[in-house]
Amino acid sequence: MHISSTLAVPDTADTPHHVAIIMDGNGRWATERHLPRMAGHSRGLDAVRAAVQAADHRGVRYLTLFAFSSENWRRPAEEISFLMKLFMTALRREVSKLNDSGIRLRVVGDLSAFSPRIQLMIREAEAKTATNPGLTVTIAANYGGRWDILQAMRALVADQPDIAPEAITEEALSPYMALAYASEPDLFIRTGGEQRISNFMLWQLAYSELYFTERYWPDFDAAEMDRAFAWYRNRERRFGRTSAQLEPGTAPALSAGA
């Protein structure tokens, strides 16, 4: 299990171990080109392929993509229907490619809201790539940060119905979070110009570096990822410490690997 950044100082590197992305701007990309919004979503799938490949080639261990939030059900029915079809198309076409590249696919969120067919396709995709040792790509679908915390609390109490309130700690709750298998994101990226986290990974983003770009998701490519990584390398990641404590020769802080 990965240690919480609020309990210990995690190991860091020039390349982020875990990158989380809100893929925003598909609709606006299409509108500015006088195209239907669906065209933006289709083009966005190309950007997903590029992001996965770029992350894999740069040594990222975990890439988490916010594909569909629990609030996205409020969108027009036609758009939701198209997104579901696009999701199934992506699962059919991309899983074998991911598997051939040694990439593992995981999907997190309240999957009960999806059709039985989509749920089956998700299970099959996860099973097919389960033993792959490379990059883990997580698709957050019908996911919300508040949902994640609530479902973790419910699962904890279901497993330990007699647990005392004082025993409900970060260490106790963390194994029940949807992304318990991954380290906390080092770098959060949001495309499309908005500057908010939109109920995404509220628990896990506690000490993530937040990078916002005006570029719409369909235009996101390896060069834009490199710009985000260059910005990340210039960040001073203190995790509650002072800058002076980061100077060479100072006493080492507790490490997650200690």
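First residue shown is number 1, and so on along the chain.
Note that Cβ sites are derived from N, Cα and C of the backbone, with glycine treated the same way.
Swiss-Prot lists Asp24 with the feature active site, giving sequence analysis as the kind of evidence. If you look up Swiss-Prot, you'll see Asp24, Glu209 marked as Mg(2+) binding site, on the strength of sequence analysis. Marked as substrate binding site by Swiss-Prot: 25-29, Arg37, His41, 69-71, Trp73, Arg75, Arg190, 196-198. Positions annotated as active site, proton acceptor by Swiss-Prot, on the basis of sequence analysis: Asn72.
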Mapped DSSP class for Ile197 (substrate binding site), helix or strand or coil: coil
Collapsed DSSP category at Asn72 (active site, proton acceptor): helix
Secondary-structure category, per DSSP, in which Gly27 (substrate binding site) falls: helix
Least Cβ-crowded entry, counting other Cβ within 10 Å, from the binding-site residues listed as Gly27, Glu209: Glu209
Cα separation, the residue listed as 'active site' to Ile197 (substrate binding site) (Å, whole number): 11
Rounded inter-Cα distance in Å - Glu209 (Mg(2+) binding site), the residue listed as 'active site, proton acceptor': 25
Helix, strand or coil at Glu209 (Mg(2+) binding site) [DSSP, three-state]: strand
Nearest of the binding-site residues (Gly27, Trp29, Arg190) to Asn72 (active site, proton acceptor), judged by Cα-Cα distance: Gly27
Around the Cβ of the residue listed as 'active site', the count of other Cβ atoms that are within 10 Å: 24
